[in-house]
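Database features, via TrEMBL:
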- 23-46: transmembrane segment (TRANSMEM)
- 39-288: domain 'G-protein coupled receptors family 1 profile' (DOMAIN)
- 58-80: transmembrane segment (TRANSMEM)
- 100-118: transmembrane segment (TRANSMEM)
- 138-156: transmembrane segment (TRANSMEM)
- 198-224: transmembrane segment (TRANSMEM)
- 236-259: transmembrane segment (TRANSMEM)
- 271-290: transmembrane segment (TRANSMEM)
Amino acid sequence: MSNISVVREFVLLGFSHLHEFQFLLFSFILLIYVLTVLGNLAIITFTCLDSRLHSPMYFFLCNFSLMEMLVTSTVVPRMLADLLSPQKTISLAECLTQSFFYFSLGSTNFLILTVMAFDRYMAICRPLHYPTIMNGPVCVKLVAVCWVVGFTSIISPTLQKTRLWFCGPNVIDHYFCDSAPLLKLSCSDTHHIERMDFFLSLLFVLATMLLIIVSYVLIVAAVLRIPSFSGRQKAFSTCASHLTVVVLGYGSAIFIYVRPGKGHSTHLNKVVALMTAVVTPFLNPFIFTFRNEKVKEVIGDMTKRLLLRDPTAHG
């Protein structure tokens with residue numbers, strides 16, 4: 001053991017192979033990140049300020065927007081710093097901290113998407129019981145459970161990673177401390193942690209997706225029984241935004257963390273991971289805004305009020 005050098009610092013390779021485009025990538029990702037934060041903050045602000053959005057659906061959307069901001073903030077600031085820095089090193093402690101928050105927030109995100117599907121099921125399939133069942137305290141408890149389960153489930157694999165030995169190469173072929181590239185560098189036996197990671201992926205990705213699919217099968221069956229076309233259209237429109245986000249979020253997560261042979265295409269995984277960490281959080285505010293009439297109405301009314309208060313608007 002005396003001849004083994006213990007690695008406590010890693011190099012995040014990121015997009016180093018695109019060295020001539022580093023500043024261009026930095027500018028583009030920074031713009032996307034700023035718009036992502038502003039867009040999700042806008043949804044949270046509108047939900048808090050306008051009483052028309054004080055309902056379970058928008059309460060869950062507000063929490064989802066907060067979660068999207070936090071998920072992207074665990075990855076993007078570090079990625080931006082590395083794009084401009086010649087030293088792309090990260091300590092093991094920083095690496096495991098980033099990994100813990102990324103996967104904890106991501107797991108919580110999938111649970112909140114599942115709760116949002118359950119909320120739509122109750123609103124459409126059980127409209128008479130909906131106000132009683134989905135009251136304020138119940139909604140708060142559901143979100144609290146999502147947070148607690150999402151975070152506590154990642155504690156055990158993270159603690160086990162702190163006990164690993166790293167004695168070989170220290171280059172992580174990624175732009176953040178993803179679990180699989182980090183485990184690949186360990187000199188210890190990582191089979192148990194890999195199995196645990198895969199089990200958690202099945203639990204938080206496939207199991208929640210199955211619950212969402214069941215919810216939407218029941219929703220579609222209920223909507224088709226609505227006699228009027230306008231009634232069916234209104235019911236489907238309330239689900240369209242959520243369903244679009246589900247397809248985007250689950251598609252990239254399944255590709256990276258659940259599909260067989262996931263470790264053999266690191267460069268492709270990096271590109272697809274951008275969907276989860278950067279692109280989807282950026283698109284979500286637009287999806288929920290442009291496909292939701294009530295949100296568009298609230299934005300329009302607030303814009304009019306701001307313009308009326310602006311003295312230059314009267315000139």
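Yeah, the Cβs are placed from backbone N, Cα and C, and that goes for glycine too.
Bear in mind that TrEMBL entries carry predicted annotations, made automatically and left uncurated.
Across the domain 'G-protein coupled receptors family 1 profile' (39-288), the model assigns an average pLDDT of 88. Beyond the ends of the transmembrane segment (100-118), by six or more residues, the same chain brings 57, 60-61, 63-64, 67-68, 70-71, 74-75, 142-143, 145-147, 149-151, 153-155, 158, 176-177, 179, 200, 204-205, 208, 211-212, 215-216, 242, 245-246, 249-250, 253, 276-277 to within a C-beta distance below 8 angstroms of the stretch.
The stretch from 58-80, 138-156, 198-224 with the most CB pairs below 8 A to the transmembrane segment (236-259) is 198-224. Beyond its flanks by at least six residues, the transmembrane segment (138-156) meets 56, 59-60, 63, 100, 103-112, 115, 196, 200, 203-204 of its own chain at Cβ-Cβ distances under 8 Å.
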